[in-house]
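Enquirer: I'd like to ask you about the structure that follows.
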Amino acid sequence: MTTIVSVRRNGQVVIGGDGQVSLGNTVMKGNARKVHRLYNGKVLAGFAGGTADAFTLLERFEAKLQAHQGNLERAAVALAKDWRTDRALRRLEALLAVADEHKSFIITGNGDVVQPEHDLIAIGSGGNFAQSAAIALLENTELDAKSIVEKSLKIAGDICVFTNGNHTIEVLDYSAK
């Protein structure tokens, strides 16, 4: 799997993820890009799970964003409905973390769209480790969102064998608005 972390703080939302692709117990690739900017850079998305499945879902999500003029919540719900009802999509095993300047969501294959507590998302095999680290950093430091994501991914990578140190991090800065 992988680790994807999203933190929102002080006018920024950040999503970061590692680059490891595993096949069983073998590392197949170490520099996969699992975090992307969508909808003219206004939406961030990261995925965990089967890489081919996740790319399929990411493409579908991007199409939903276009269809709903960038409305993140409506696009997330539309994708979740399709994911739940489409026989082919139902077999896909992945999770998506998506965020814009207003909201963040986790989209699951069960058709769930979850708005997380504390504007923090951590998914994938190292998600619990990254979430614990991010909560501690949010509650006990004044670090910015990007630094918290970086440190959380590092900690998760030190513990989880399916998470590496090759990170992709995207920042959406809306503090000037």
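Here the Cβ of each residue, glycine as well, is placed from N, Cα and C on the backbone.
According to Swiss-Prot, the protein carries these features:
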type	residues	note
ACT_SITE	T2	active site
BINDING	G157, C160, T163	Na(+) binding site
Enquirer: Mind giving me a neighbour count for T163 (Na(+) binding site)? Other Cβ atoms within 10 Å of its Cβ, every protein chain shown.
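Expert: Excluding its own Cβ, the number within 10 Å is 30.
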Enquirer: Run through the Cβ atoms and count how many others sit within 10 Å of the one on C160 (Na(+) binding site).
Expert: 21
Enquirer: To the nearest Å, how far is the Cα of C160 (Na(+) binding site) from the Cα of the residue listed as 'active site'?
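Expert: On Cα coordinates alone, these residues lie 9 Å apart.
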Enquirer: Cβ within 8 Å of the Na(+) site centroid (G157, C160, T163 excluded): which residues?
Expert: T3, D18, Q20, S125, G126, F129, L153, A156, D158, I159, V161, F162, N164
Enquirer: With every protein chain in view, how many other Cβ atoms are within 10 Å of the Cβ of G157 (Na(+) binding site)?
Expert: 21
Enquirer: To the nearest whole angstrom, what is the C-alpha distance linking T163 (Na(+) binding site) and T2 (active site)?
Expert: 5
Enquirer: Can you give me the Cα-Cα distance between T2 (active site) and G157 (Na(+) binding site) in Å, rounded to a whole number?
Expert: 9
Enquirer: What kind of secondary structure is C160 (Na(+) binding site) part of, going by DSSP in three states?
Expert: coil
